[in-house]
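One structure is given below, represented as structure tokens, and several questions about it will come after.
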Amino acid sequence: MRKTYKLYIGGKFPRSESGRSYEVVDSRGRFLANAAQGSRKDARDAVVAARGAFGGWAGATAYNRGQVLYRVAEVMEGRRDQFVAEVRASEGVTERRAETIVSEAIDRWVWYAGWTDKLAQILGGLNPVAGPYFDISAPEPTGVVAVLAPQGSSLLGLVSVLAPVVCSGNTAVVLTSERRPLPAVTLSEALATSDVPGGVINLITGRTAEVAPWLASHRDVNAIDLTGAADAEGVSWGDLELAAAENLKRVLRPAGEGSDAVEPDWSRTPDLARVTAFLETKTVWHPKGR
Amino acid sequence: MATFEYAPAPESRAVVDIKPSYGLFINGEFTDSQGGSAFKSINPSSEEVLAEITSASDADVDRAVAAARRAYNGAWGRMSGADRGKYLFRIARILQERAREFAVLESLDNGKPIKESRDVDVPLAAAHFFYHAGWADKLDYAGLGTNPRPHGVVGQVIPWNFPILMLAWKIAPALATGNTVVLKPAETTPLTALLFAEVVQQADLPPGVVNIITGAGATGQAIVDHPDIDKLAFTGSTGVGKMIARSIAGTRKKATLELGGKAANIVFDDAPLDQAVEGIVNGIFFNQGHVCCAGSRLLVQESIADEVEKRLKRRLQTLRVGDPLDKNTDVGAINSKAQLDRIVELTAAGEAEGAERWDNGCELPSKGFWFRPTVFTGVSQGHRIAQEEIFGPVLSVLTFRTPHEAVAKANNTPYGLSAGIWTEKGSRILWMADQLRAGVVWANTFNKFDPTSPFGGYKESGYGREGGRHGLAAYVTTGDSK
């Protein structure tokens, strides 16, 4: 049975308010599905949802966030066959390769889930100031992060950019791979049936070039990951970074040299750079005395 | 009751030798500009001309960047971290040896009281070099990632409020991590940076490692736009910070931006009031309020608002405003005519919008740029004086009833640099500190700085941190080399 693919905003599955959809085809050009074609208004709704969810998610204990995110990996595992089929169709890889990619994606999610309650210890610390003060620095999430998911790697790449954003307590508005959105839609179904609070992760399918500029210029978005600008049709990452300067968004540039953007090799073990890109450091001073 | 008058206690200027004119410091020596013009740096407390300063041309910026690149590809790039560290230790020591000279010159050029330049700016500047010197051969232990290495040539543009201290904040971590620098001090306060060039010479730093070029906005823009700059570090206004972010969009230049603030200093009814009043005064009148993290919005719990206001006004009447070189002076001169005009404009807007204005009525010198310590009460959140950075000795007082309301009001600006909390209740301090969207939170203290302690903002107060392990991160790249 063919199904209807929708957006994932605020924990719900709306169609695009624009009423539009677009054809998704497999690697050989055969029709796969009609995906919702998200609009500017959908992006704004998603930002509202992400902002609403930020306080609760950032304020949850790191232990709790870790468990919630680990649960996503468990639910992904339960949908393994569906992910394998969709990655295979979307990326044109063999069954065996698709199996490996899905395993790596689940492992990656678990890897980031395990970071939630370690970041503060690794990245924070007591500052030995020259005076009678208790002075401590700790990382904090920067807020609502817009993410351009990689165009090529539809599941492993998506997980590799999304999990580092939310594990530290940020909330996310993700523009999924334009031509390969189906694994992202299935991920949203995994998210909806896990314990991730509505609004923490919002996924919008559609045209990257159409929606990304609205997220880049949105005054209530605190940061943007431009990784997916590589290979996105009609997108200049420099223009998006320019728009992001409007409210001094934190920008994670795409990999590459000069103005070129390339998609990273997602099979490599990640480091913490994608997490730290969306963290602030808060330093608290207090006098010591009797 | 009879009051005792303070006898004047002026610090001698004799310790400083100011040249009539200064060139640019490029490749280890002072050189004349190629096609640049000249401007004057004046003493803001007397309007006396101190020296003629060079406005660097684009060609000068080119020369400075080329010198920095040569040093990076040459002696400095090849040097071991241990040897780099020795140079930084040496610089710290020379700053300490010449501390009085730097303090007097800073007060002359900037207008800040000698007791602050002497006891805060210069000792902290030396401490920054000392702290970072020790990192130079220990970067592998900083936890920044694998294979930490410098970016290359760093362009640095610093403001006029803490000239020598901001120079130290910028140059020390850049050199510790192996970068070379082109630094531009603010056009109204270039003299201590030019004196620092002599320190660089005395420390025998290889030519080109530190280049100091003077000028105004156009020179700064030329540094930002220069294609051979790998990283930018800027401290200044949010407006200019946004221009820089736009300038480097789509390039691979890195940047850290330390921008404006509109800090809330939050006083609860159980706070130790005398200490809190001292903290409020220090928060906004330190350095004439020319402090990006100044506690410019006092949020006081409604039940003690009258009492705090009364004590605050009484305390402000004891503030001594006047000659920056007098050791008894608490509040010095406003740094420039332009800055004074901006303060006057914003305070006029405060009155026009209905807030109640009070100042301490002190006598002001007849020459120079001065502004009395001023307090606005009855301020509401929509007022310009509650939203815009004034950067002067002007405090806006707002009230709140509950901790939640205090948090909501404190966070209600586009800025997020700093905040203060005054209460005896430890659990409330920790809860408030969690809720405040600010990079630095001072609890039962204010305006404390230390080289080991990261400083920097959330939101439109900029990105990146300076100081501590976190500050180093901005000056290295990590991971596999290409």
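Backbone N, Cα and C atoms are what each Cβ position is placed from, and that goes for glycine too.
TrEMBL labels come from automatic prediction, so no person has curated them.
When I checked TrEMBL for this same protein, it listed these features:
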- B:30-477: domain 'Aldehyde dehydrogenase' (DOMAIN)
- B:GLU258: active site (ACT_SITE)
Let me check the 10 A CB neighbour count of the residue listed as 'active site'. How many other CB atoms are there?
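Around the residue listed as 'active site', other Cβ atoms within 10 Å: 28.
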Need one number: mean pLDDT over the domain 'Aldehyde dehydrogenase' (B:30-477).
97
Could you tell me which three-state DSSP class the residue listed as 'active site' falls into?
strand
